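Participant: Sending over a structure as structure tokens; questions will come in a sec.
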Amino acid sequence: MHGRISQLFLINALTCGLEVCLAAGTIYIPPMLLEAGVEERFMTMVLAVGPVLGLIVVPLIGSASDSLRSKYGRRRPFIWVLCMGVLLSLLIIPQTSTLVTLLTKQQRHWLEVPLLVLAISLMEFCGQACFTPLEALVSDLFPGEEESRKAFSVYSLMLSLGGCIGYLLPAVDWTTSETVVYLGGQEAFIYFVLTFIFLACLMGMAFISEEQTGRLGEAEVCRRHENLKTCWCPCVAFPRFLFLRRTFSSLLSVVPRLYLLCSRMPKVIARLFVAELCSWMALMSFMLFYTDFVGEGLYNGVPSDEPGSPGRIRYDEGVRMASLGLFLQCVTSVIFSLLMERMVLCIGVRKLYLSSVILLAVSTAIMTVSHNIILVTIMAAATGYTFCTLQILPYTLTCLYHSNTQVFFSTERRKIPLREEDLMLIRSEMPSSTKQKKTNGCVNGYPGTIPFQSNIKSSQSLDLHVSIALEPQPSAVRGMGTDIAILDSAYLLSQVVPSLFMGSIVQLFQSVTAYMVCASLLSLVAVYFSSKIIFEKADIDTR
């Protein structure tokens, strides 16, 4: 247990570092794009590039990590590769203008915007995709329902702590420091700090261990040869050949296997996916554009003005105030992460999930009609409860489903008629005084509920059936990483849709208040679909 706790701490340290980078990026990416000359509707579309790539690749990562057999483990190779992408983007984003100047010998060049968009997309994709193998690693260490809830509570705590740091850094005015001036301004200084923090958190990955799933031994690798010393099979002459071969074949088989798993998605996963998609879409419509909403809507700032102009100063003040609101959101999430286990025991998962989505609807509705910055900031802080719930409960429910696949992943329910000998056996065991009785058990190996009456004269007078739950077929056996990747796809898709359409909606209505209106309406949709989630075994028969 102590070993698993230390592993959990190292995993969550990297989780915290990733969230620091993504949170600070959420603050600075819109202003940087607008300052570079990107129109608002195209700016929101740029924010969708990373999530779209993640939407395509993340399920593949989840499925591939389930089947990967490597001496480095199943999850860690993916984590390392994605982290390298995050690190590279952190180095490029603040130095885009300098790199273009070195390459083209010009101060302003058309390459600056594409390079900035590429670096931002790389950071968004790699950072968000990296959470999937990290979450799968947590579920591998803590597979049970209760211990997974505790583990993901810690996970959510560190995620919220990372958000606190990431949102707090831009909320402070660092421009008065000589170090900031030397590094090239506030944005360059923030990204320098982010790089240092991420490297420190990444170093812990070197001490994380998984189950060893390395290549097979020589005797198992080449069974068809009796004398291994004289065998020139590539499997023996070049032991690395079979590791490489198995990995390549596994990657080729990922796409058809993923299609099979998604096309046969169990009802419980499908309902959870839809509910989480709507919930995250409502929350992301608020979080992604909150800085622009405050800077332009409440402070009447103009992000495209020159630095130092009154409109730009007002916008920068609004961005810092929005950073404070998102920081308070993360503080709220931290508090509820600490209390989540006790709240689940006292209130229950169903009430917690539904209340969090209802609170989001109320908070965004108030932000829509209010122009009081203090009240808006309080409402932003309140959404931390929703953020915390969405980070914990869906993964806890997934662990619950996987802990009893025969119940939750049954493909369908059928009524099987009882045979004559089964009926005779039931009649012989019935007390003569019994008028009506229900027997729960197995008939011919089928579990089910058998209703019958005692005054039966012959088997022809009763249409007697057994209701059974069919077990999943072997081809449809699902790995934890696959279903976690599906849930993470809901998180990524929730950013894609608002990013593609929000800019056009704002331009249509000529008001950034449209961000909060859309968030509030999506919250109401999320309330409806959240009520359809399977929270326990009793919900299967009633829904």
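Quick reminder: no glycine exception, Cβ is built from N, Cα and C everywhere.
Heads up, here are the entries from TrEMBL:
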- 1-23: signal peptide (SIGNAL)
- 42-65: transmembrane segment (TRANSMEM)
- 77-93: transmembrane segment (TRANSMEM)
- 113-131: transmembrane segment (TRANSMEM)
- 152-169: transmembrane segment (TRANSMEM)
- 189-208: transmembrane segment (TRANSMEM)
- 268-290: transmembrane segment (TRANSMEM)
- 321-340: transmembrane segment (TRANSMEM)
- 352-380: transmembrane segment (TRANSMEM)
- 490-508: transmembrane segment (TRANSMEM)
- 514-535: transmembrane segment (TRANSMEM)
Participant: Grab the same-chain neighbours of the transmembrane segment (152-169) for me: Cβ-Cβ under 8 Å, and only residues 6 or more beyond its ends, written as numbers and ranges.
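Facilitator: Residues packing against the transmembrane segment (152-169) from afar: 8, 11-13, 15-27, 135, 138, 190, 193-194, 197, 323-324, 326-327, 329-331, 333-334, 337-338, 340-341, 384, 387-388, 391-392, 395-396.
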Participant: Is the transmembrane segment (268-290) close to the transmembrane segment (490-508), in the sense of at least 3 CB pairs under 8 angstroms with a sequence gap of 6 or more?
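Facilitator: Stretch pair touches.
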Participant: Against the transmembrane segment (268-290), which of these stretches has the most C-beta pairs under 8 Å: 189-208, 321-340, 352-380, 514-535?
Facilitator: 514-535
Participant: What residues in the same chain, six or more past the boundaries of the transmembrane segment (352-380), come closer than 8 Å to it by Cβ-Cβ distance?
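Facilitator: Cβ under 8 Å, 6 or more out: 279, 282-283, 286, 290, 293-294, 298, 321-322, 324-326, 328-329, 340, 343-344, 386, 388-390, 393, 513, 516-517, 519-520, 523-524, 526-527, 530-531, 533, 535.
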